[in-house]
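I have placed the structure first, in the form of structure tokens, so that the comments after it can refer back to it.
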Amino acid sequence: MNLKEVSQKAKELMMPQCRMCPECNGVACRGEVPGMGGKGTGSSFMNNYSELKKITLNMRSIHDVKEPDTSAEFFGVRMPIPVFPAPVTGVAINMGNKMTEREYITGLIEGSRNSGIIPMVGDSAFKSFIEENIAALKEKKVRGIVFIKPWDNSELLSRIELAMESDPIAIGVDIDSCGLDTLKMHGHRVDPKTLEDLKEIKAALKVPFIIKGIMTPCEALLAIQAGADAIVVSNHGGRVLDSTPATCSVLSTIAEVAKGKAVIFVDGGVRSGVDVFKMLALGADGVLIGRPFAQYAIGGGAEGVSLYADKLRSELRGAMLLTGSKDIGSIEESSINY
Ligand SMILES: Cc1cc2nc3c(=O)[nH]c(=O)nc-3n(C[C@H](O)[C@H](O)[C@H](O)COP(=O)(O)O)c2cc1C
């Protein structure tokens, strides 16, 4: 199987909700939430993709870097690339409804394990989805990262207890899901969190706490004040609020205030290893990729996920070699133009 065949299969299984466009840029699916698109005009998703594409790399080939080291460590686990499949949930709601949630997430989890990367799994309007995600992690004996929706704290804390059964590496809350229409459509209410709410979650956790959905330096500082061990600079792939800037456009100012205080993750529009390099140069420690990992898991199961991870590694290595970056920590802002 190659990635082209995986894409073809994904298209068959995901139509009409995903057309597997040559460029996954949010144009064809704009406004399609539920579905794979961005909210409203789709501008937040489209911005993520198009602004990242505008960043260019400064090529250098007079240096002594011959074998760049693409590996990185997170929460005590070394990975071959600083890349995670982002939590993407809801085959029945968003992704064509032609396989079960369990089949999809099992492919994602197995492929991640085979490639040495940590899978992230999510939560949704239907509780059965997080239950399936946690059951699949347990069945495959894979330590992943579980993201829980910002339910009121009593429900959230009970889902944390459930998630802990899978011995997760960390637990996250995608706080920006208070803007997610699919939850409202299914009769669920989720609200913004107060600093006190977040502190209560942190106090209950025995594993690192990740807050996902940070788009300003001020919010990054509040997340750190709440006790976040890591933040994800994210606009939820453009699915929760129309007209937000690209995540790559806000990343460096957030990194300025958060670097060294919390691990900085980012997602939004990342498609290639070169895109990963750009995010690292802007100050991220690690990068999440949403739609492509989900598409390849649906089209090719574990093999599709590993083929994509291999491609990312080869592209990241190429970018590091041609910018003279010997390891992940050596990737510098001066290697890009933005
Ligand atoms: C269909 C779909 C479902 C998603 N489900 C979740 C989820 O359950 N939890 C979560 O934190 N984020 C969820 N996200 C957001 C992703 O984790 C991630 O932030 C986003 O997809 C990144 O943008 P990208 O797809 O352009 O890489 C979802 C995104 C999509 C497209």
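Each Cβ is built from the backbone N, Cα and C atoms, and glycine gets one as well.
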TrEMBL annotation, FMN site containing Ser234, His236, Asp267, Gly268, Gly269, Val270, Arg271, Gly290, Arg291 - matching residue among Lys202, Lys206, Lys212: Lys212
Helix, strand or coil at Val270 (FMN binding site) [DSSP, three-state]: coil
Rounded mean pLDDT for the residues that make up the domain 'FMN hydroxy acid dehydrogenase' (37-338): 97
Pairwise CA distance, Lys212 (FMN binding site) versus Arg239 (glyoxylate binding site), rounded so that it is a whole Å: 13
Extent of the FMN binding site in Å [max Cα distance among Lys212, Ser234, His236, Asp267, Gly268, Gly269, Val270, Arg271, Gly290, Arg291]: 19
Neighbour tally for Gly268 (FMN binding site), based on other Cβ positions within 10 Å of its Cβ: 34
